[in-house]
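Participant: First the structure, then my questions, so here it is.
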Amino acid sequence: MAYDHKSIEKKWQDYWVGDKVFKADSSSNKEKFYALDMFPYPSGAGLHVGHPEGMTATDIVSRMKRMQGYEVLHPMGWDAFGLPAEQYALDTGNDPAVFTQQNIDNFRRQIQALGFSYDWDREVNTTDPNYYKWTQWIFTKLYEEGLAYVDEVAVNWCPALGTVLANEEVVDGVSERGGHPVVRKPMKQWMLKITAYADRLLEDLEDLDWPESIKDMQRNWIGKSEGADVHFEVDGHDETFTVFTTRPDTLFGATYAVLAPEHPFVERIVSAEQKEAVQAYINEVTKKSDLERTDLAKEKSGVFSGAYAINPVNGERIQIWVADYVLMSYGSGAIMAVPAHDERDYEFAKTFDLPIRAVVEGGNVEEEAYTGDGKHINSDFLNGLDKEEGIQKAIEWLEAEGKGEKKTSYRLRDWLFSRQRYWGEPIPVIHWEDGSVTAEKVENLPLELPKTENIKPSGTGESPLANIEDWVNVVDPETGMKGRRETNTMPQWAGSCWYFLRYIDPDNSEQLADPEKLKEWLPVDMYIGGAEHAVLHLLYARFWHKFLYDIGVVPTKEPFQRLFNQGMILGENNEKMSKSKGNVVNPDDIVETHGADTLRLYEMFMGPLEASVAWSTNGLDGARRFLDRVHRLFATDNGSLSDKVKYDSQNTDLERSYHETVKKVTENFEALRFNTAISQMMVFINDAYKASEIPGQYAEGFVKLLSPVAPHLAEELWSILGHEDTISYEVWPIHDEAKLIDDEVEIVLQVMGKVRSKVSAPKDASKEELEKLAMEDETIQEWIQGKTVRKVIAVPGKLVNIVAN
RNA sequence: GCGGGUGUGGCGGAAUUGGCAGACGCGCUAGACUUAGGAUCUAGUGUCUCUCGACGUGGGGGUUCAAGUCCCUCCACCCGCACCA
């Protein structure tokens, strides 16, 4: 019988899972290798063909590393908290835990049907109390270290639904569900002080083996910029405000100042005459959505506050304006405006007819702002200096005069860590009636989510947990003091910040993970996932990891040494797969019709791992055809070994092709270039079909090379080749470099850089010998006839180029 | 606007330090075997001429004996950020 994927795949999957073939042993003395997938959110829709792409890539590497003698940790788990389960609960009254468990079971079934070599004994689930116990524990540590704090932050409050909405639940200013109005409302929120790690998150990127584009995205997100804080006094008030500037050297060109509309200072300094205008402006601005406010195309808007600031360098009175082009969230929410040398200030000054004074030479201030370098003018003690010197000197002056100081600002802001949701890790904090706040003691963790049939909005903006009286209200057993539990839960990011640590020691009830085991496995050697997590997940996880490093829990500064982002698999119409477009391909269907091995092979052969390529049914058929060809080459219809395979063969037809294949496949797997590795395997199979016989050791070697990509078929062929054990721990083939070198090589003969002839020559023929061969070649002689040979370039082993005209 | 990236046959894509452009797969064409083929096998397949040959890696220019690869310039598309002071 021909290649029957259904029976073969079932057989080997049952064996792998049943016999725990891929169990990882932390105590072995093999070198450790940790291959990690970004774990999925188990959605109700199940797996789509995009999921297995990255998973196949890590699986191939894992399987190869095992065969190369490494102890491989390759785990899978579930990022299972999240909004959809909560929505489902709200809609149906069902328990999100039950719903989530069903989805997980479905995901696991689908993933196992693809034959990945996960160690299923290490499966983790972020919604499991034994898991989130440690998520909560990390939070309490952050709290103890002062890195978790409460702040007032505006949230999307929907009065009609009585709940707070996530940004993605708000569409065009109304709730996505029901279309109710949404307003910004300040609420007390837990924040994590990621900004305290900004510099280290930036610097430590250097040593990581990550795509440069991802590093850059993180750098931009952190957005470090150096400059100075400058303090301005307000004329007629006993007040000062601070601006942040990267160009303190242009202080003499500051002709007005601007406060963000939300700046608390605005109401303190606004003049009586301007009060009404300012209030009207602020009202207008707060009505605008974030999108409208940041729309670059729009005209600058603003209003004069009626107050004046004193420029600290020259005592000049300058107007203070309120304008929304200054953001409260960056720097100090206030700027000194230097219209001559800043494009935004220039545009604003032109709009409102404010003075513009050049203080740096170069450019034409009549026409546009000049942001380049040049000698300073109109700047007293800075005159004649260039930009760099000017900045230096200005900061020295400010610090000496007590009018300002050197300052570094970051675009990165602290992490808003609260969610007003039921389906998340409860934040383990109690607010006591005397006003004190304490974190739950470790022995009281996990603080479990209470079971309830009544998940509904609290109506106050608190999470549904606020409805559950006997959970929310607590009494201190020792002092009798009453308290109320925090009702906010953690965001989905929390569980995914450290799951890779738990895989290392998933059942530990005493600690997050055994330090000795962490030392064995960390850092993750290979981490593959989608580029959509390039910034947030990876930054948050790095932050937590550095924190855990600081408190001595983990042994490495960085969690993920090597990172790779796989591309997307698009629908056959070249658009992103989505239910609404009807172009989603379900892996279950492919496994049924073509088999898991075909799906794996096809996804790896489509193109480079990082590229986004459209699904093609024809391409899939081609992948299947290759596996059919492989099967037919090695096995007969009744499942015995093909006569063509001969263990005692002395035939050397395939020698070179085989060794080249071993070399290329090994190198390409290592470099994650699976498409080229597979094409080389195809070349070998084509050669093998042409050969009169296939030496047994080449057949075995090839099956090993194929096994990471098409493990079920490889196991089957391995047993047909007469082996009892799994192929998973067989020794990976090594190529013999000597077999790749031919004694005779083909030399390309060129005239004027164009190939005119070819000739065979000994591989180590000298330049002179090659030149002689070229000149003797008949075709070449015809080409150079009647021409003068100006020059002959001979590259040993490669070519001869004759310059003649 | 800033940062990063990509442009190669009808399609997906290959091409060490500059050294035979188009590996491999899909598709297509012809043939073989077949009652049949959406199976399999064989041959062919960048374009123009189809004979020599010429042209050809987004466009233009340059360096070089030799450029997909290096330099300059322009264009298109994709991703991220976006009034970040």
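Going from the start of the chain as shown, residues are counted 1 onward.
Glycine is treated like the rest: Cβ placed from N, Cα and C.
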Participant: Could you check which of A:556-560, A:576-580, A:786-790 is flagged in TrEMBL as motif ''KMSKS' region'?
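Facilitator: Per TrEMBL, the stretch marked motif ''KMSKS' region' is A:576-580.
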Participant: Can you check how the pLDDT averages out over the domain 'Leucyl-tRNA synthetase editing' (A:219-399)?
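Facilitator: On average, pLDDT over the domain 'Leucyl-tRNA synthetase editing' (A:219-399) sits at 88.
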Participant: Taking DSSP states H, G and I as helix and E and B as strand, how many residues of the domain 'Methionyl/Leucyl tRNA synthetase' (A:39-170) are helix, strand and coil?
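Facilitator: Secondary-structure composition of the domain 'Methionyl/Leucyl tRNA synthetase' (A:39-170): 66 helix, 22 strand, 44 coil.
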Participant: Most CB pairs under 8 Å with the domain 'Aminoacyl-tRNA synthetase class Ia' (A:412-604): which of A:39-170, A:219-399, A:655-768?
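Facilitator: Between the candidates A:39-170, A:219-399, A:655-768, the best contact partner of the domain 'Aminoacyl-tRNA synthetase class Ia' (A:412-604) is A:39-170.
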Participant: Taking DSSP three-state, what's A:K579 (ATP binding site) in: helix, strand or coil?
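Facilitator: Reduced to three states, the DSSP call for A:K579 (ATP binding site) is coil.
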Participant: Are there any residues at least 6 positions away along the chain from A:K579 (ATP binding site) with a Cβ closer than 8 Å to its Cβ? List them or say none.
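Facilitator: Same-chain residues close to A:K579 (ATP binding site) (Cβ under 8 Å, separated by 6 or more) are A:A45.
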